[in-house]
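A.B. asks: Let me begin by handing over the structure; questions about it come next.
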Amino acid sequence: MVPGEENQLVPKEDVFWRCRQNIFDEMKKKFLQIENAAEEPRVLCIIQDTTNSKTVSERITLNLPASTPVRKLFEDVANKVGYINGTFDLTRENGVTTADMAPLDHTSDKSLLDANFEPGKKNFLHLTDKDGEPPQMLLEDSNNVDDSVHDRFIGPLPREGSVASTNDYVSQNYSYSSILNKSETGYVGLVNQAMTCYLNSLLQTLFMTPEFRNALYKWEFEDSEEDPVTSIPYQLQRLFVLLQTSKKRAIETTDVTRSFGWDSSEAWQQHDVQELCRVMFDALEQKWKQTEQADLINELYQGKLKDYVRCLECGYEGWRIDTYLDIPLVIRPYGSSQAFASVEEALHAFIQPEILDGPNQYFCERCKKKCDARKGLRFLHFPYLLTLQLKRFDFDYTTMHRIKLNDRMSFPEELDMSTFIDIEDEKSPQTESCTDSGAENEGSCHSDQMSNDFSTDDAVDEGICLESSSGSEKISKPGLEKNSLMYELFSVMVHSGSAAGGHYYACIKSFSDDQWYSFNDQHVSRITQEDIKKTHGGSSGSRGYYSSAFASSTNAYMLIYRLKDPTRNAKFLEVDEYPEHIKNLVQKERELEEQEKRQREIERNTCKIKLFCLHPVKQVMMENKLEVHKDKTLKEAVEMAYKMMDLEDVIPLDCCRLVKYDEFHDYLERSYEGEEDTPMGLLLGGVKSTYMFDLLLETRKPDQIFQSYKPGEVMVKVHVVDLKAETVAAPVTVRAYLNQTVTEFKQLISKATHLPADSMRIVLERCYNDLRLLSMPSKTLKAEGFFRSNKVFVESSETVDHQAAFTDSHLWKLLDRHANTIRLFVLLPEQSPGSYSKRTAYQKAGGDSGNVDDDCERVKGPAGNLKSVDAILEESTEKLKSLSLQQQQQDGDNGDSSKSTETSDFENIESPLNERGSSTSVDNRELEQHIQTSDPENFQSEERSDSDVNNDRSTSSVDSDILSSSHSSDTLCNADSAQIPLANGLDSHSITSSRRTKANEGKKETWDTAEEDSGTDSEYDESGKSRGDMQYMYFKADPYTADEGSGEGHKWLMVHVDKRITLAAFKQHLEPFVGVLSSHFKVFRVYTSNQEFETVRLNETLSSFSDDNKITIRLGRALKKGEYRVKVCQLLVNEQEPCKFLLDAVFAKGMTVRQSKEELIPQLREQCGLDLSIDRFRLRKKTWKNPGTVFLDYHIYEEDINISSNWEVFLEVLDGVEKMKSMSQLAILTRRWRPAEMKLDPFQELVLESNSVDELREKLSEISGIPLEDIEFAKGRGTFPCDISVLDIHQDLDWNPKVSTLNVWPLYICDDGAVIFYRDRTEEVMELTDEQRNELMKKESSRLQKTGHRVTYSPRKEKALKIYLDGAPNKDVAQD
């Protein structure tokens, strides 16, 4: 034997033991290597491909031994992603940016450990372009990897990305390149828009038909005659040219469908390929009129058959000639459990005659009597392209389901049709036979119809918006030889799925190479005869007859054969044989494709990143998207951003620069000094679809210089606090390092703010309302909780406040107020003449509450006779405070007055608007009535619906420069001048002084379960005293002029308020500005969509409000406990709009229906102009638009009638005395249908004593005069008034249900308000001409659209497939 190398084991004679020892030694060495490899640290590499936007979201993960050479890393990555090694770069990510990192050397033998990779940690790398050139694909030209997956797959392919995910993204790379690269088969696929697979399979079949494609190429489009967008033949020409010349794997069909007049929604409609075939051929015939291709469809696809009836007694035969475009073949005969085995068997069954006997006898014109006869079909002429439809869809009348028949039906590759043609009939048709009028032009036996498919009625029925007429058909030559009827199969359209839906694709034989291909949307692959046999149908194992209702299977649905005739069989036109206009079209499409390719390349190398800029003048943050080529330098990118933000006339270009920015944290990460000539692709770390950071176009003043931002720095916004003025200044930005101490940080702030560092206090706001005093000088900022972006408050006043505990200090209280203050814009009620009387009533309602505390410092208003808003507010709140103290003294036993929570009685508060010394008062009831009736317009303009609490809980604090208590509008003045003035005027015991106190206050935001029964919180307790929160927090109001203007008489307030205040207290503060008590106005919150919702829960805080929210104040009495605001609408049963809003009323628990009607009468008279007596109208339940239970006068709310917030009720005016006396009665709305006149009578109400159908029939007979036995009725469908087209009502409703009572299926009439249609069964339906029908359809459509009802009621009605010849859907309802 030949001696081996050192690592080979070569056995020698008589050395068995030595050989065995060598084997053991070798195995031991291998085990040691494995053991060492297991112990060796490993490096986890995570690679992101940034070379294009499609793969940027993918990650490649490699876990390699630390000793692996760098070159091996490149090889592994290249194998993973399918790139050629050496055509891409790998760049390390250092945690901040990849811009400063040099690419790794793909030839280096240095180990990963020596290349500074960290074992045991994640090492992130970016795969980038090499020298500006994109990586080269290993299989870019052939795409063998792609096609290997689908090469033999002819069924529906899985959606891209649905394959189980691995860390390699080869499949993902395929999904991108598959659109750009042509299949190895040489054929181009079609993109499925959504559910257009049926369209794709037909288009590919037509494209692979030489006769059709060549004829289409010969047709020339005339620009002057038609718009190319709406020309179906021209768009098919373009599509075929692209299918023949494009280098893409798949092309779009949107231009073709647009020429059909389809919008994007049509792509989501499932249709039948056979239906599309006929509709498309009809449309092409119309477009090709008066051209060489006018008769193309008939020449290629149209055949003839004879429909005959032969008398068996005298032999007389009546017949007519029908044309067809396809032959529908039954899979399984009706009533049989056995399917036809083959297409030939089904064809024989198709022409098998049937005997007409018994009751189906035929009336013979010659015998002049009914005789037995034979009825059948005979083929007279077969088309050049024979289309066979296999009728796999059927309806199962047992289960009432549509089913698919998956039975096996074989079909041959070559089909001899000579046995099915009746040559004798074609040679010499019987002279005595009778031809029906119009038989020559009556159409085809297409689909399920054997005639009249091209008739006008059919065109409307199938939705083809054209008047079709078949041209004269050439009669087949007599003496046709049988051997010339051999057909060759070349297209099989396959349906995969069930009767509920599925997928179409086509298996097509190419006449160029005689190979079969699967055209499955964008995927084209080569298949074999074995794959074709799989489409014959059938399944392994036994399957019941009805199991196919929901079964999914793949089988042939449509077959297309071509006649084997060497004299007629055409070949595809070669390029040099193209007509001149097709050559021009090819060149034009190539140029467009090249342009698209260049554009894709540009997109592939374009960095798209968010760009922000703080406008130097407006001080508004602007946002845009910067799209810059990766090779553009930073300097060029700055110029692009400068122009994009429209700063040319605002600031010089040299005062702008781009910096790395984190918009979420408002953090400037780094600046790019000295990198003005660096490409943006390198700065941004490659081309990506999304970036983890943004860019900021930073600006400066001409006399300033840019600050350098380095990675690792943190940004701090410093707010200077002035304790004396109680102000918080706008922020100053300071950059620091996390390893700096608090002492060093103070020195840094001192330089920026010029405050002394020795007495400086720094408070860090780590999150909302979380304040932390930095009291440890030696602690680092990182230890104190600093992050990328931070917010601190500093102050350096040398006061005794330094000695107090932080949570008890003045600084903490000021910052706490600052954090919880929001700005609201309040729209006050219109200052109309009616408002003056309301204010007067408010003034009279108050009593003298005593003099204002003389120790309070009064705020002086502006010069003039009128007091300022601030002065009014100051005076009002002083009176409220004084009254509160008086109340506390009266109660006496409530404990410490500083902790008192007793609320004041607002009925005794004197308004600051009152005249001094006025003591006149009015009764509360009179006051309420006066407010409600003095200005009805205010009530008409009120919001139509109230609402429960709005649950959004945003917690936004006001900007630091907004708040300043140095203004003159603080709510309460200081009771003790020696105390440090606080924001709300109370001493330090009255404000929250710890987080625990705030937490307890937060409980006020929960629902008040004690008031749930009334649907809202009452402003008054059972004793009538106010429940408003007396802990007055910060409130400041200033006059405000809205930009958009609110109209004359309206007034705005800009209110700064502590959002922990309750709604009750907030309303109390607004009393002086509204001019009425808080119980007589309502607060509506205005949302961004200008919708208004009433805020009603008085014990809740304003924490759900945020900065700059708008509030509208409307006059109207607030609800008390047990009261509900009810929306009253008028029911007008015979009006076009049966529901009309009248007014908002207040109903109370325990009130009877009659009492509520008594209260409604004066309101209806004054506000709606309705003068009604109490017995001439009723109230009834309203459920959306439907009238319901009739409420009787003695019914009691909350006992007999459940009532809730946002309740609605119908008010119905009666023509006579109320007939409803008892709940056992049933009120039904009836309407007579008159078919002879095609109209509906007005509604009439019937009151039944029981739910008996017999009683209903009797009552209907009484009011209509129709005999009892001729009454037919049906329940209306949908919402009131149950409108339905008069064209559909006679057939669509379920007339005369077989029931004896109304409360059972299918009626289920158990409550008042049901709609019943009735008719006289002896009355015939009016016969309409087409013109009358179309006119009536238009009128009905217009009527029903106005009432919001559909023209027809048809559940799950399939939408007809249409092709619009004018390029857009016809709005004429008649075409629907």
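Count begins at 1; order follows the chain as displayed.
Note: Cβ is positioned from N, Cα and C throughout, glycine not excepted.
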A.B. asks: Write down the residue from SER918, SER934, SER954 that Swiss-Prot flags as phosphoserine.
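C.D. replies: The candidate carrying the phosphoserine note in Swiss-Prot is SER934.
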A.B. asks: From the list SER540, SER849, SER921, SER1014, pick out the residue that Swiss-Prot labels phosphoserine.
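C.D. replies: Comparing SER540, SER849, SER921, SER1014 with the record, Swiss-Prot tags SER1014 as phosphoserine.
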A.B. asks: Of THR901, THR920, THR992, THR1016, which one does Swiss-Prot label phosphothreonine?
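C.D. replies: Residue annotated phosphothreonine in Swiss-Prot: THR1016.
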A.B. asks: Could you check Swiss-Prot and say which of SER911, SER1354 is marked as phosphoserine?
C.D. replies: SER911
A.B. asks: With the cut-off set at 10 Å between Cβ atoms, which of these recorded positions ends up with the most neighbours? Options: LYS122, HIS503.
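C.D. replies: Of the recorded positions LYS122, HIS503, the most buried by Cβ count within 10 Å is HIS503.
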A.B. asks: On the 0 to 100 scale, where does the mean pLDDT of the domain 'USP' (188-564) fall?
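C.D. replies: Averaged over the domain 'USP' (188-564), the predicted model reaches a pLDDT of 77.
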A.B. asks: Any idea what the Cα distance is from LYS122 (N6-acetyllysine) over to HIS503 (active site, proton acceptor), rounded to a whole Å?
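C.D. replies: A Cα-Cα distance of 44 Å.
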